[in-house]
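The block underneath contains the structure these notes are about, expressed in structure tokens.
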Amino acid sequence: MPLNVSFTDWNYDLEYDSVQPYFYCDEEENFYQQQQQSELQPPAPSEDIWKKFELLPTPPLSPSRRSGLCSPSYVAVASFSPRGDDDGGGGSFSTADQLEMVTELLGGDMVNQSFICDPDDETFIKNIIIQDCMWSGFSAAAKLVSEKLASYQAARKDSSSPSPARGHGGCSTSSLYLQDLSAAASECIDPSVVFPYPLNDSSSPKPCASPDSTAFSPSSDSLLSSTESSPQASPEPLTLHEETPPTTSSDSEEEQEDEEEIDVVSVEKRQPPAKRSESGSPSAGGHSKPPHSPLVLKRCHVSTHQHNYAAPPSTRKDYPAAKRAKLDSGRVLKQISNNRKCASPRSSDTEENDKRRTHNVLERQRRNELKRSFFALRDQIPELENNEKAPKVVILKKATAYILSVQAEEQKLISEKDLLRKRREQLKHKLEQLRNSCA
């Protein structure tokens with residue numbers, strides 16, 4: 001851990017020293033000073049302002065975060081692997097074996113040739129990417145790794161131990177190498193930040209199985225133990241997969257937010273998603289956010305009854321008036337009860353719509369009853385009995401005239417009845433006189 005802190009501070013100082021001419025106007029002529037000595041490099045921005053954009057069209061891929069397997073430091077460690085006798089155990093590898101192991105671990109397509117060059121090469125130092133302020137940390141990391149390897153090599157020469165002990169010490173030294181390399185790899189740029197989409201279409205990583213990988217079991221065991229014991233290493237055990245960008249905390253948070261999408265159709269609260277297992281890493285609990293599930297309204301289907309006003313009314317029904325009124329009242333009450341069965345939080349607009357709908361139903365019932373009354377009145381008038389298209393005004397006039405005529409006939413019949421009663425009384429009195437005279 002102290003090595004990592006000192007490396008970070010030293011890296012920041014180195015980057016500040018490399019980009020210090022950027023912040024002073026009087027030193028603008030010294031921009032890309034080493035590039036002016038080479039004819040192959042583009043000119044400084046002071047000569048032509050548009051020449052400073054002549055970088056690579058696409059930035060190179062950042063070093064992989066999988067314990068620094070693709071970085072040049074891993075190649076240096078592989079070349080500096082402790083060697084012993086041929087019968088000394090699993091730590092004795094020849095140069096051909098080491099190259100074969102690197103080829104099997106990384107694969108021919110995954111090895112970037114720009115990262116396997118010598119860090120001390122002159123072309124590597126004069127590279128514009130190394131001198132750029134954004135990519136200068138890579139050269140600093142490589143230089144730091146080379147210095148550490150030189151110090152470890154000097155310490156290895158000073159130590160004198162027998163071959164079995166030397167083999168065990170070689171494993172521990174390689175574990176220290178991998179620990180420092182994993183710490184340096186953690187300072188690299190995450191490829192998922194630069195490239196948000198994976199480089200290949202494989203959704204799940206597949207382990208690279210090779211029959212010759214079992215020959216290097218001791219070194220792989222030491223690699224796993226050193227990776228698990230290192231605090232800067234990833235919490236998962238080191239496995240060889242295809243080159244896919246690792247899942248960071250931001251990606252996990254985005255996946256969790258995608259799982260918490262709200263269903264706007266249902267009124268029930270969405271159950272919080274299952275908590276992720278805490279066995280992955282102890283820092284995973286710090287990134288987890290409490291799921292929020294707001295209450296949403298449920299869609300309510302309001303049934304509306306459509307009536308065909310153009311259809312002619314059925315006037316020749318044999319139903320009595322009382323029975324028809326009872327059926328219509330029952331139908332209206334059923335419609336009102338169905339309209340009130342809307343199971344949703346009622347607002348002022350909903351209540352107003354219900355009142356308007358109820359008023360329309362009652363008004364329609366009143367008009368139908370009035371129309372049936374006119375039809376019944378038309379049937380009672382002798383002149384309009386067979387006229388189904390008689391207007392209401394004619395029905396009212398004919399009904400009034402018919403009522404007046406009926407009333408006049410009634411008065412005539414009442415007066416005639418009175419005359420007949422008087423005649424009856426006279427006849428009864430005359431009959432009594434005749435009986436008395438005969439007696």
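Here, residue 1 is simply the first one shown, and the rest follow in order.
Just so it is clear, glycine is given a Cβ too, placed from its N, Cα and C backbone atoms.
What you are looking at is a predicted structure, and each value in this text was computed from that prediction instead of being measured.
Taking Swiss-Prot as the reference, the stretch among 17-38, 39-60, 413-434 described by the feature region 'Leucine-zipper' is residues 413-434. Looking at the stretches 1-9, 100-108, 145-153, the one that Swiss-Prot records under the feature motif '9aaTAD' is 100-108. Ranges compared are 165-174, 355-364, 365-374, and Swiss-Prot records motif 'UBR5-degron' for 355-364. On a Cα basis, S347 (phosphoserine) lies 72 Å away from K143 (SUMO2 cross-link). Cα of K148 (N6-acetyllysine) to Cα of S347 (phosphoserine): a span of 74 Å.
For the recorded positions listed here (K143, K148), the lowest count of other CB atoms within 10 A around the CB belongs to K143.
Across the motif 'UBR5-degron' (355-364), the model assigns an average pLDDT of 94.
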